[in-house]
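Pulled from TrEMBL, these are the features on record:
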| type | residues | note |
| --- | --- | --- |
| BINDING | Arg43 | L-glutamate binding site |
| BINDING | Ala77, Thr78, Trp103, Thr153, Asp173, Gln196, Asn238, Thr239 | pyridoxal 5'-phosphate binding site |
| DOMAIN | 5-350 | domain 'Aminotransferase class V' |
| MOD_RES | Lys197 | N6-(pyridoxal phosphate)lysine |
Amino acid sequence: MNYPVYNFGAGPAMLPRVVLEQVQAELLDWHGRGISVMEMSHRGADYMQIIAEAEQDLRDLLQVPAHYKVLFLQGGATLQFAMVPLNLLRGHARASYVQTGIWSAKAIAEAKRFATVEVAASNADRQARVVPLQSEWRVSADTAYVHIAGNETIGGLEFDFVPELGDIPLVSDASSHILSKPVDVSRFGLIYAGAQKNIGPAGLTLAIIRDDLIGHAPAGTATMLDYAVHAKEDSMHNTPPTFAIYVAGLVFKWLQQLGGLDAMAEINARKAALLYAGIDNSGGFYTNAIEHRNRSRMNVPFTLHDAALDKVFLKEADAQGLLQLKGHRLLGGMRASIYNAMPEAGVLALVDFMRDFARRQG
Ligand code: PMP
């Protein structure tokens, strides 16, 4: 493969090249110890330093308040679909979910195994093209929490506001937009994310949880599914995904060097604006039907005016080093995921290719 290659896959997604180069440089001999991070005891002094630094750097980036725990877990965001109701019902029967697309629907389906689910709002009647305004939501006072998917990775739909729920904890699946811009963590009871989009390699799941929401899993809950166990043992109840945490830690340092999440937010806004402009200014050759205020800055689905061109579009894009643009199998069309690690040059290259393709095929 010739470089540069730009990988628009939705996840596992592209990682910053400099991070991969550092991983490569340190792979066989981490800091002169003669072994790889993969081969270290997770309880040894070296690894304890790696995980502590990763946690501190993440706390600094997101300005996580002291009364929140940062947990490094496994099982993907999908396991959080179960752990959230298992831990946060706190004696309530009911939990509320806002349905904005395929991932929030999956979270709802799983929660139904453990709780009475109230769908507080849904955009299913609007082709999942808009996040329902909070004024439309119906949240019962006795609900345990309200769950949202902050960014719908498949639909390309992102919240443009943080719901205000008073004392009811807000839970967000932030898998596909965490670390893409600053966020006021104190507005949430729990934020969770699978790592493989904007954090690091697959196998690591992050949870940031307010202290008072820890310790409510009912008796009989499996040990590994209880946030309290992971909190008490600093994510070391069992062997954590050591290598993934190490790589995530390097990604956090990379973000700090770029100027933190304020700088990242600006870059991401520029990238998204460029790509949506390319779509909107194509005279109908490309379309993205999401309401503008909810267009995801991370996942940009689009269709070609003639689906018969999809195959040749993908083939030519691939030949130019623009990889994994095929849309999700449930939606078809294209999807360009432009997470933090995607440089502006990658989006420029994609937009140039799209313009050229439309000119030749239009
Ligand atoms: N939630 C969202 C928003 C996602 O994008 C994904 C993965 N694409 C998941 C949950 C499931 O994550 P995992 O594969 O880590 O379980």
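Cβ atoms are placed via backbone N, Cα and C, with glycine included.
All annotation found in TrEMBL is predicted automatically rather than curated by experts.
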Task: Residue with minimal Cβ packing [other Cβ atoms within 10 Å] among the binding-site residues Thr153, Thr239 - done: Thr239
- [ ] Please report how many Å separate the Cα atom of Lys197 (N6-(pyridoxal phosphate)lysine) from that of Trp103 (pyridoxal 5'-phosphate binding site), as a whole number.
- [x] 15
- [ ] Check Asp173 (pyridoxal 5'-phosphate binding site) against DSSP and tell me helix, strand or coil, would you?
- [x] strand
TODO: Can you check which residues sit near Thr78 (pyridoxal 5'-phosphate binding site), meaning Cβ under 8 Å from its Cβ, same chain, 6 or more apart in sequence, and list them in order?
DONE: Lys106, Glu110, Gly194
Task: the domain 'Aminotransferase class V' (5-350) [mean pLDDT, rounded to integer] - done: 98
Task: Largest separation between Cα atoms (Å) of residues that the record links to pyridoxal 5'-phosphate, namely Ala77, Thr78, Trp103, Thr153, Asp173, Gln196, Asn238, Thr239 - done: 30
Open item on the list: Out of the binding-site residues I have (Thr78, Thr153, Thr239), which ones have their Cβ sitting under 6 Å from ligand 1?
Closed with: Thr78, Thr153
TODO: Output the one of Gln196, Asn238 that, of all these binding-site residues, has the highest number of other Cβ atoms within 10 Å of its Cβ.
DONE: Gln196
Task: Rounded Cα-Cα span from the residue listed as 'L-glutamate binding site' to Asn238 (pyridoxal 5'-phosphate binding site), Å - done: 10
- [ ] Tell me the Cβ neighbour count for Arg43 (L-glutamate binding site), meaning other Cβ atoms within 10 Å of its Cβ, over all protein chains shown.
- [x] 9
- [ ] Would you identify the secondary structure of Trp103 (pyridoxal 5'-phosphate binding site) according to DSSP, in three states?
- [x] helix
Task: Protein Cβ atoms within 10 Å of Trp103 (pyridoxal 5'-phosphate binding site), excluding its own - done: 23
